[in-house]
Each structure stands twice: as C-alpha cells, then as structure tokens.
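Scroll down for the structure; my scribbles are underneath it.
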C-alpha cells in the first residue's frame, strides 16, 4: 500500500501493451520504479526530468529505469502521477519525447500516439492502384492513356469530426488518410494505439453500422463531461489502473488471463448496469463473457447489506469450470468476496437441493456410460431392439425429462421439435422401455441419473417457490413485506436459515438443460437483477437447447447484449475457426438467432498450421517433436501448451506417446475436476475438457475423417436427417471450442484422410509428419515463434 506522504500513481491502459511487448524484465523493473515513486516521489534515484508542459495544469516528465528502460509520466496536482508509456534501449528517451499526448474528448483518457512511427508503419506497405498501369514495353500503352486512380483511403467516407466523435484519436487522422488497404490497417493496429481508437477502427473496417458502433463502443467508453483540457482530471479517471494494491501492480504485463480481470468499458457497463429483471450477454470466444460475469458478481455483492449469508449464486455447467470460477473470483476480490457467494456447478447444486430434502431417497448417481449401458439392458429384456440405445437416451433426457412427463398420456401428446418423427405405436413402445429403465433405477441399490436429479431439484425448488409466493400474497394482504426475507427463511427449508438467492449469475449458459433452468428460476425471486447469464450457442457441445422465456427468464431489448471483440484469439486463428461454423444456424439462447457477424479480434498473428501423417503413431511422434521444440527452442512452458483429442482413449494414448517420445514431454491429463494445482506438463484432454480453458499453443490431433465427426453418426444421414444435422453441428462446435482455446499458435493434425470440417484441399498445403521426423525441415517451419 502507498505511504501517507508518498505519491498516488495510476497507469494508462496503453502501458499494458508496452510491457507485454517488452517482456517480464521490463515489467519487474517498472513495477519496482512505481513502488519507489509511490513511497517517495522526491527520491533522487528516480531520475525524474521535466520534458514539457501538458496544458495549463499538467507536466510531462521522463524517468530512467535502470538498466535500459525509460518511462513517460504525467504529473498533475501534488504528487499525482500517471504512467503513460514505457520504452527500451538507447533511444528510449528520444522515442518517449516525440510521443503526442492528448486527452480523448470522448473517453477522457490520455491518447498516447507516436505519429512518426504510425505513418512509417502504414507507408511501409506499397500503395497499389486498383488496376494495373501500362508499361513502356506494353505496345498498347499510349501517352494520353488515362492513369488509373489510386485506391480510395479506407476511411474516406467518414469526416474527421465523425471519426473523432466516435472516439478516434485526432492525432491519428493524418495517418488514417494514408490507409488504403486492410493490410495497412492491420499493421497500424499491431502497434500501441489507444483501445477506443482500435475498437472503432476495427468495427468500421468490419462494416459495422455507425449507429451500432456509437451505441456499443463509443457510449461504453464515454466519460460524462470529459474535458480535453483537464489534465488534472486524468489521474482521477475511473478506467485507469491504480497501483495502490500490489496485486494489481503485479498483474501489469502479466499473463493475459490475469490482466483480463480488468474490464474494457463496454464490459464494465454490462457488469454494473442495474436491470429491471434478467439480463443476457452473448459473444464468441475470448470476448470476456466470463470476466463480465465475475465482475457482475462482485458488483452485486457490493450492493448487499452487511451480513454473513451467501445470497449470490455463481454457477456453471461442470465442477472443473466452477472451481476455475472460484479461483478467479478469489483473485478478483479475495476471501471477503467469496464469503458472500455460493459457487457450484448446476449438477452439484441440484444434488444438494435433493439431498437436503428429507422425503427423497436419492441413491447413487449413474455415470453417463453406465446409464447408456442400462438402455442396452432394457432393450434386450423387452425385446424392443429396433430402438437404438443412444436414441432412447436422448428421447428420455430431452423430451420426457425436459417435458416433465410422468405419465404416458403426457408423453403421447408432447411436442418433439427437431426430433425424428415417430408414430403413436412408437411412443407406446418407448414408454414401455422408459418404465423398464426407471424400474431398474428404483431397484436396490437405488440409482438415479444426472438429468433425473436436476428434474427432482427443479420440482423441490418450485414447491418452495410456490410457498414463498403464497407468503408474499399473505404479506400483501396483511399490509406489507417489511420483514419478508427474515420471516420467509423457514419456508426455504433446503437452505436452512438462509434466504432464497437474491441474485444468480450463470456462466456457459448454452449447455444448461430445461431442468436446470426450471430449478434456477425457482431459486430466486423475480425482480431487478435476478438472473444474469452469459453464453454462446456457437460453443454448445451438449444437446441442450432451451428457450429461456419458456422458463420465465425474459431478456428483452437492452437486457440482451452481444460482445463482438475478442481479446484472446488472433484474427488468423479466429478466421480459421469461424470457417468451421460458416452457414450453420445458431440460436441466441432464446427464441432468436445469432451469428458471428461483426466478431473480430484485436490481435494478429500467424495462420494455423496443418500436419498430415500416415497413421496415428506417426502423428503423435510428430506432435511430441513439435511440443519439445516449442519448449526447448522458444521457451514456451509445457503447462502453456495443450493437446486436444477426440475421445478419452486417444487422450491416454497421446499421454503415453508424449512421455515415451525420443525427447520425452511431460503429460498432464485434464480430468473431470481439471488438473492438479501446480502440475507441470503439457495438458492433454478431450475437446470437451477444453471448454473454458486457454493456452498459448494448442495442438488439435486426430482430426481425421471418421473421428471428427465420429463415424457413428453416419447411419443417421438417411434414417434421421434431423439428428444427423444436430450431431454434425455439435461436432463442429466442439472443434470450434478447441480451436479458439489458442492464444498464439494453433496446429491441427490428422492421420489418413482429413476431416471434412477442415478447409478444402487442406492436404495439399499441410506439412508432412514423416518429413518432420526425418529432419527434412525444421519443425519451426510451421511458425513457432
């Protein structure tokens, strides 16, 4: 913490990119400098030197940071410093001195621009005419032939006032007038320019309507009463990063995940807005949905009255994701925040509700594979073998349990949208199979499936909710609800003396089932900020599609928002992954549709690389060689790399192959609960296990035809076209999830024939695993650095 007599130091957002570019040594040195500046700004060892005035109430200073870094500082008021930029090397002071520093009239933040470098970056790419020019050697050339016009500047249709009104830095306008191609724009955006300017330019280049940019980007960044002459106000700007907390200071220049605990203004608005009821945030991978959800939890807790209860629920699809949320929430707010929040997966929550109900004998929960084996058993026992076990399992889960059918009459009349057409006789036969299935579950020892647990939990929660609603009616009749929460506690028996949740925040909402939604809706009273959910239907890898409004969760108008800017995945990886889903219809987690239109990345990098092998063993040997090289030659930690495979057997085989390779690579398999804390080694797991994770380098292996998608779906192509389309789309989404876990590098490999999901003719441009192992070419030829 800062000394009473020390300085207050905040950090401009652009400094994070400076530190990421310069590396950990620069981060450590700058952090040490900031700590010393906080403690005593008069310390001569800081080597502060005045540069020039910044308006009428601010001054710019340069500071040397041994051994070879320099920092640009803004001093306002008394001992209030803003770190604006960091540079390295002999010319660090010269580079910092030429920076243009202005206050953005939209955001109120400092815009730090190296105009000369920006212009040089753009002009490094030759300007090409829209049509070829005639040459001297061209016999058709004529001295009077018209010269083809130069291409129009990319942003020519917008006036300077329109651009700056959207938030573009005025200092960059001369450079923007020179940009005529997306290649030039991409080169500019790889430099360190203000985030608001970057967001607006990316959106304009993606043909996003100006009104949409103004609503979703400009207004999110806008600071009321921002004054471009008020330098003293910069140090008090809410979006700047305070360094008073050492944990925040240590996050500067740190890993992407640590830094993304700090919100983009658009995300901040979503996290802190008061909604009249429920709210929904959708967006592609890396757009910060989970970060918004975590900050939403903190915001809701900050609005609570003092207490020791846990009236905020944070939930997600599975246990490993719930544990990840717990760790990230602890980093965000410490144990004080965790003590007011219950964090559980939806299935763990459902089981707890049922276990706490004295009248229910729960029994042992069957794993999915055991539940499937039971269907095979009842088919054999009843002789009704013309219905496949996996069809029966899905019919039971997504029609009978989801539709709350407890009698044949209910099943006979229930709608089955998207399912294979069946006759009345089929329904009678299926119901006989279901009755036999339930009889087996009820036999000693009693067993139950996850879906039945969730359904039972929904029933119990709904009964408590109805009792709660009756109590509200009674209080209204008596003239008020003053002590409602304390008095209603006894009605919510499964939660002991506690209240029903006041707020529920849901991550990975796209994979929740109908029973989950009924349960969650019943656990919180309808009212302001009751349910806040984030998700992406493009990442749905389980066969749960639900229409939220059917369960009393309504998110009309501005209560539904969509994030479109990715901070994790490069544009090249994103484009390749997006191609997997092109032309596929997706819902918006309700009754509407969603697309990846306008989805873009702030990062650029290398295109994904592809490797082909004649067989599985050769493919794994090549992957082991590539992993070893990334670690040995480029210094990538093993735990920052991951190998995704189609199924559990392939995961075990891949782990063995890596551990016994010519240059052994330590494997760590991703289990149901994630990986052991502190485990060192390359993460290996099925694509399903990759949901919610992120790695510097990702290898997706075994992407062969017959494996992705699995050949077992082929019989449905003719017998059940609707299910075939669903299964194929789910397989595409699974591959999409795995591909978008990569931050810097994505490598995809196969043996035999490549999956039909991969780009057309990909085998012609792919690297040879055999050539790699023979040493005919460097592994880094695929782009490692």
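In case you wondered, yes, glycine gets a Cβ from its N, Cα and C as well.
Lifted from TrEMBL, the feature list:
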{"type": "REGION", "residues": "129-148", "note": "region 'Disordered'"}
{"type": "DOMAIN", "residues": "262-570", "note": "domain 'UvrD-like helicase ATP-binding'"}
{"type": "BINDING", "residues": "283, 284, 285, 286, 287, 288, 289, 290", "note": "ATP binding site"}
- [ ] Write out, in the order they occur in the sequence, the residues of the chain not among 283, 284, 285, 286, 287, 288, 289, 290 that have a C-beta within 8 Å of the mean position of the C-beta atoms of the recorded ATP site.
- [x] 536, 563, 566, 568
Task: Neighbouring C-beta atoms (10 Å sphere around the C-beta of residue 286 (ATP binding site)) - done: 25
TODO: Work through the binding-site residues one by one (284, 285) and point out the residue whose CB has the fewest other CB atoms within 10 angstroms.
DONE: 285
TODO: Starting from the Cβ of residue 283 (ATP binding site), draw a 10 Å sphere and report how many other Cβ atoms land inside it.
DONE: 23
TODO: Would you mind checking how many other C-beta atoms are within 10 angstroms of the C-beta on residue 288 (ATP binding site)?
DONE: 24
- [ ] Identify, among the binding-site residues 287, 290, the residue whose Cβ has the fewest other Cβ atoms within 10 Å in this structure.
- [x] 290
Task: List of residues, in chain order, with Cβ under 8 A from that of residue 289 (ATP binding site) and at least 6 apart - done: 281, 282, 283, 507, 534, 535, 536, 563
